[in-house]
Amino acid sequence: MLEVYLGVGMFTAIVLVLVLVILFAKSKLVASGDIIIGINGDADKAITTGAGGKLLSVLADNGIFVSSACGGGGSCGQCRVNIKSGGGDILPTELDHISKGEARGGCRLSCQVNVKSDMEIELDEEIFGIKKWECDVISNDNKATFIKELKLQIPDGESVPFRAGGYIQIEAPAHHVKYADFDVPAKYRGDWEHFGFFKLESKVDEETIRAYSMANYPEEFGIIMLNVRIATPPPRNLSLPCGKMSSYIWSLKAGDKVTISGPFGEFFAKDTDAEMVFIGGGAGMAPMRSHLFDQLKRLKSKRKMSFWYGARSKREMFYVEDFDGLAAENENFQWHVALSDPQAEDEWTGYTGFIHNVLYENYLRDHDAPEDCEFYMCGPPMMNAAVISMLKDLGVEDENILLDDFGG
């Protein structure tokens, strides 16, 4: 009997020791209680929060919206903050976006920083002007086979003080979207049916945030206008996931409510007299339209400028009347379209081929000084890479190549 008692006692003692070890480790490794996040050395900006969560989310919960085009996934590298103390060691996931020198200076991706202890951070003052709005959908119309123009109404008495080339972030709740419910006009449905896209569904169990560039310019007041390309899986493997945000946006109808935050941006025009060359493709049309309308309508710029847009066929061209009007009203502006796959019904007599080749063969090859021009581009990744390679071969420096890189 004594042996039984001794055995039970030893087992109980071991369990108690293990519990004490776990509690001690937890006290050292897991933060508890209130945490203070000091911001810019300003006591009025400090945040008191509980332990846990990512710094990006904690800041957003307290009305401070740091840019994150990927919605906190660690892939865009935009949600940078400078951490003066606290925050722990930089993670391998951050090193693709932050150099060793930047890391030594305290640069971190806020979406990767766990809030576990008091910290001091520095933010750009512009961040404190970023706000959140609940907007009404005015319209959501196809402009091309796979591109919709989403037009949002800003609440009465409010404005989004953005600059041309800027962007907003849009929020999508958890959702289940059936592509069969999309409003796709008859002239675009052929490709959708051919590829089997109407069979697709998008099921998302958590909130999603993504960034989109404005297609409107600052003096188109009271609205936000976006060009959104649907992100489908490749036709040969429709079992792959659909684009979370684009599926949600394509499901929106007039009168629906949408939450956005902003404005953000870095893709701004330089204040010089240099010639401006704009190159776009697909939904990369959005910042091109914003920039050109801003330059020619608001600023009344006399700088020489041209716009080169690549599309697959005539059916994929949009805002044609807008740019024809700008060209008619401004002798310093021309625009050109190249079709990579014109159809017989297009009766197309304009440029054909890929836009980087067309731009080179028909303009830059004989240009006196292409290295003195400023090049603004936004389009599919392959287009961007081809244009940049061509410009480098012409001797254009990095400082004159400006890219809105959201993957087209």
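Using N, Cα and C of the backbone, Cβ positions are placed for all residues, glycine too.
When Cys111, Cys135 are compared with the [2Fe-2S] cluster site residues Cys70, Cys76, Cys79 in Swiss-Prot, the one appearing in that site is Cys111. Looking only at the binding-site residues Cys70, Cys76, Cys79, the densest Cβ neighbourhood within 10 Å occurs at Cys79. Mapped onto DSSP classes, the domain 'FAD-binding FR-type' (130-270) shows 27 helix, 57 strand, 57 coil. Shown for the domain '2Fe-2S ferredoxin-type' (33-127): DSSP residue counts in helix, strand and coil, namely 21 helix, 30 strand, 44 coil. The residues near the [2Fe-2S] cluster site, meaning same-chain residues not in Cys70, Cys76, Cys79, Cys111 whose C-beta sits within 8 angstroms of the mean position of the site's C-beta atoms, are Leu56, Ser67, Ser68, Ala69, Gly71, Gly72, Gly73, Gly74, Ser75, Gly77, Gln78, Leu109, in sequence order. Across the domain '2Fe-2S ferredoxin-type' (33-127), the prediction's mean pLDDT works out to 89. Over all protein chains present, the Cβ of Cys111 ([2Fe-2S] cluster binding site) has 24 other Cβ atoms lying within 10 Å.
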